[in-house]
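**Student:** The feature compositional bias 'Basic and acidic residues' is assigned by TrEMBL to 39-52, 59-104, 111-128, 199-211, 241-258, 293-303. Sequence annotations record features per position, and here TrEMBL assigns compositional bias 'Acidic residues' to 305-359. For 1-24, 39-146, 199-258, 274-359, the entry in TrEMBL reads region 'Disordered'.
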Amino acid sequence: MPAAKSEGDDPEFIKRQDQKRSDLDEQLKEYINEWRKQRAKEEDELKKLKDKQAKRKVSRAEEEQRMAQRKKEEEERRVREVEEKKQREIDEKRKRLEEAEKKRQAMLQAMKDKDKKGPNFTITKKDSNFGMSNAQMERNKTKEQLEEEKKISLSFRIKPLEVDGLSADSLRARATELWETIVKLETEKYDLEERQKRQDYDLKELKERQKQQLRHKALKKGLDPEALTGKYPPKIQVASKYERRVDTRSYDDKKKLFEGGFDTLNKEVLEKNWSERKEQFGGRQKSKLPKWFGERPGKKSGDPETPDGEDEVKPEDEEIEEVEEVVEEVVEEEEEEEEEEEEEEEEEEEEEEEEEEEE
């Protein structure tokens, strides 16, 4: 029996294997072609994207350049506006300082031309709100602003020397002129300092005199000596500080007392007490007074003798008249004291007004 053939030697098997290989090769070729087409398509798309990106980059660079140029122009315009504004402020300050310097020079010239015997200054009364905003602005200025104003002020106060091309004699004359100017300015500075010292001393003395007058006035009114020397006036005492109860009077009653109703109330109380005591004295029990050793009680030297039949003494009217006279004298003395106090207060007020006018 012949031996069986192996699969490798079978032509059909080989044919099938070749067919499979050819099919696989064709599939691979198709896959490779598809892949190449897809790769070419992707490369085209990538190239388009790169071109688009390059164009976008160029356009972005141009846009950034335009933005930078616009920003630079805006910054230059802003800086130019700031510089123009600063220059305008400097010009305005220079103008104001020049006007102030002209006024100061005119005032100094007027003070020099004034009579040397009289006072070389005048005190003018100004409104309380005069210059408040300017003073606040001056206080709120920074150090840089003050330095800038100082430079501006010195720029037109200090004139240039202009010594170029001058001869020796001209330079000597210019130096002499500058020396005389320095001596003149130092003299004016010394005079102003001395005048300021004298004015400070006068103000201090006037304030001390005013304090002394206010102390005397407070003592006359029965207040603390330092009550009127403070910034605010003292509180009005409408009730005693030793009262243990709360004051139940209304505001109108207190106002009336403050406006001078206390004197009226005091007079009413005195009249009421006087009428009550007078009624009490008139309604007393009348009785005959006994004689003691032939002399009636209450007899004064120089009075006539009492008749024997008249033992009843009737001194009511006489005593009433004496009491009335005493009360009238007391009331007159109080009124005179009040008038004297009012006159003294008026004289003090007139003296204070005269001193204020002199100041």
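Any Cβ shown, glycine's included, is placed from N, Cα and C.
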**Student:** As a quick check of your reading of DSSP, tell me how many residues in the compositional bias 'Basic and acidic residues' (39-52) are helical, how many are strand and how many are coil.
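**Tutor:** Breakdown, helix to coil: 14 helix, 0 strand, 0 coil.
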**Student:** Across the compositional bias 'Basic and acidic residues' (199-211), what are the DSSP residue counts per state (helix, strand, coil)?
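**Tutor:** Each residue of the compositional bias 'Basic and acidic residues' (199-211) counted once, the result is 13 helix, 0 strand, 0 coil.
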